[in-house]
Structures are given as C-alpha cells and as structure tokens.
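> Following this message is one structure expressed as structure tokens.
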Amino acid sequence: MAMRQTPLTCSGHTRPVVDLAFSGITPYGYFLISACKDGKPMLRQGDTGDWIGTFLGHKGAVWGATLNKEATKAATAAADFTAKVWDAVTGDEVLTLAHKHIVKSVNFTEDSNCLLTGGNDKVLRIYDLGKPEAEPQEIAGHTSAIKKALWCNNDQQILSAAEDKTIRLWDKNTKEAVKTLSFDASVSSMEYIPDGEILVITYGRTIAFYSAHSLDLIKAVDAPASIHSASLHPEKDFFVAGGDDFKLYKYDYTTKEEMESYKGHFGPIHCVRFSPDGELYASGSEDGTLRLWQTAVGKTYGLWKCVLPALKAWWFNISK
C-alpha cells in the first residue's frame, strides 16, 4: 500500500500566494521566499517551512519574488509600480526601483550584481545594483504585459513570457530578439533549468519542455485541468504541476505518465517549485497558504519522520 502524502502547511499570508522561489543550498540550509497579494513577502527555512521574517515596505500586491543563490539578497516585484531589493539576512530594504506600471517579475544574475525586471509596461529592464543611480538598460518588443523574465545561458540571454502569447529569447548585448515562440494561449508560467538548459512552460492544460538554447520543443504533456505552474526535478526524473482543480500532479519525465496526484489546497494552485536538493516541492495557492510536499513519501527529511509499521509478532519471531 502506498504511503500517504502529508504536506506541511505554511500559514501567515492573508491573500493568495502567487509566486515562490528557493535559494541555492547554503551553509545554513536553503531558503524559500513567497510573493502574496497581501503585499508582505515572507522568507522561510526551505526544508521545514518555518517562518524567518517578512519584508515590509510594499504598498500593493506583490506579484514576484526571488532570492539569489546564496540567500543573502531578495528581490520583489509589486503592484505599487516598484521592484525592491532587500538584505535577506537582516530584512532591510536596500533599493527601491521605480517603474511606470505594475512589476510582475524579478530575477538576479548568477553573480547577484544585476536585476532583471518585467511587468505591465511591456519593457524588460536590467539594473546594475552596484550603480543604483544609473538608468537601467531597457529592452522593448512585447505587445502585452510581461509575466515572467529570466536570465539564461550564463546570463548572456534573457527569456521573457508575456500576455501577447509569446515567449522571446533576447540577446543581452544587442537587445534584439533571437527567437520567438507563439502559443494559442497566454503562457501561465516559465521555469529555467540551467543544468541541461531546459525551459519548462505551462499554458492552458499543457506542460511543455523546450531547449533554452534553440527554443526547440523537447516534449509536451496535457494535464486534466488548466495548469498555472510546473517544475522539473533537479535530476529530471519527474515533474510536478498544479492549477485550477486544486490538485498537484506528479509525472514521469521520461514516459510522460501521471504517477500520482494529491489534493491539499482549498483553492487553485498558482505556483510550484522543487527545492534545490529535490527532496520536496513547494506550492502556493489562492487559499493563502504554502504547502511543502515530500518527493519520496515516507522518507525522514525536515519535519517528516519515517515511521515503520510495528510488527505485532515481533517477540514470537525473535523466539524462533
């Protein structure tokens, strides 16, 4: 009999959780940041979900949040027309970057020196965090609001997804679009996997995997419901996805077959991501909670303890 998945519920937010991101693995473990429409992004210990702190300063819904690899810096994108950079150790606000419209996406370069933003004014911006007074570099081309923007290919290129139903690959230096993918529906999420240069995209009921270099399709899977987010396991054995039907689906990456599905949230799932060690995945929902799910159910990890079934005839077996 399969063991029952028991997710850890992380409460604290008062509105829908719309984005989440993990740091890399640090000497202090790894960390999780969540973006919420309550305007108060939260930092948690990644393996347990324990609350560490709340970043206070935005005056509107926070649509995007990210951590740098070392978990020393955080960045947030909000409806108050700003992106903010924070000291993730002290919780202090370091920079406020004014925009002309709602900001939806923030992403650090590998060295944490630059921040990429995108939002409702359809323009990508690159901020040099060492020169906060300098004007950002701007890249225009999308015809609708940008939902997600990510550095890729050793920070030499940028991937952006917008409500114009396209994903575009940009050259950072020339600021020109190298390639464009068009879809029949707006892209709901995008995840970039540097190891193997894989792009995970969701739109409608489809979870699709593309080469981040060429934007050639690798494979696609159709889920039973509209999907808002998907994440590929670090070892690429399987992937998880969540959406409108409150369920989390787990698929075999090679065969594309559904392995299992779990219901735990009480509202649509907006975001899902694997931890950097692949031992768990986190989901954020309309219900205002984050939930942490075990990749290998029954394993002792974080707050989960493996409990083996008691053997009733233990003494009898010993005596034989």
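Here the Cβ of each residue, glycine as well, is placed from N, Cα and C on the backbone.
Quick paste from TrEMBL:
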REPEAT    55-96  repeat 'WD'
REPEAT    96-129  repeat 'WD'
REPEAT    139-180  repeat 'WD'
REPEAT    262-294  repeat 'WD'
> What same-chain residues lie close to the repeat 'WD' (139-180): Cβ under 8 Å, and 6 or more beyond its ends?
64, 102, 104-105, 107-111, 114, 116-126, 186-190, 192, 194, 197, 199, 201, 203, 212-215
> Just give the helix, strand and coil counts over the repeat 'WD' (262-294), going by DSSP.
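Breakdown, helix to coil: 0 helix, 19 strand, 14 coil.
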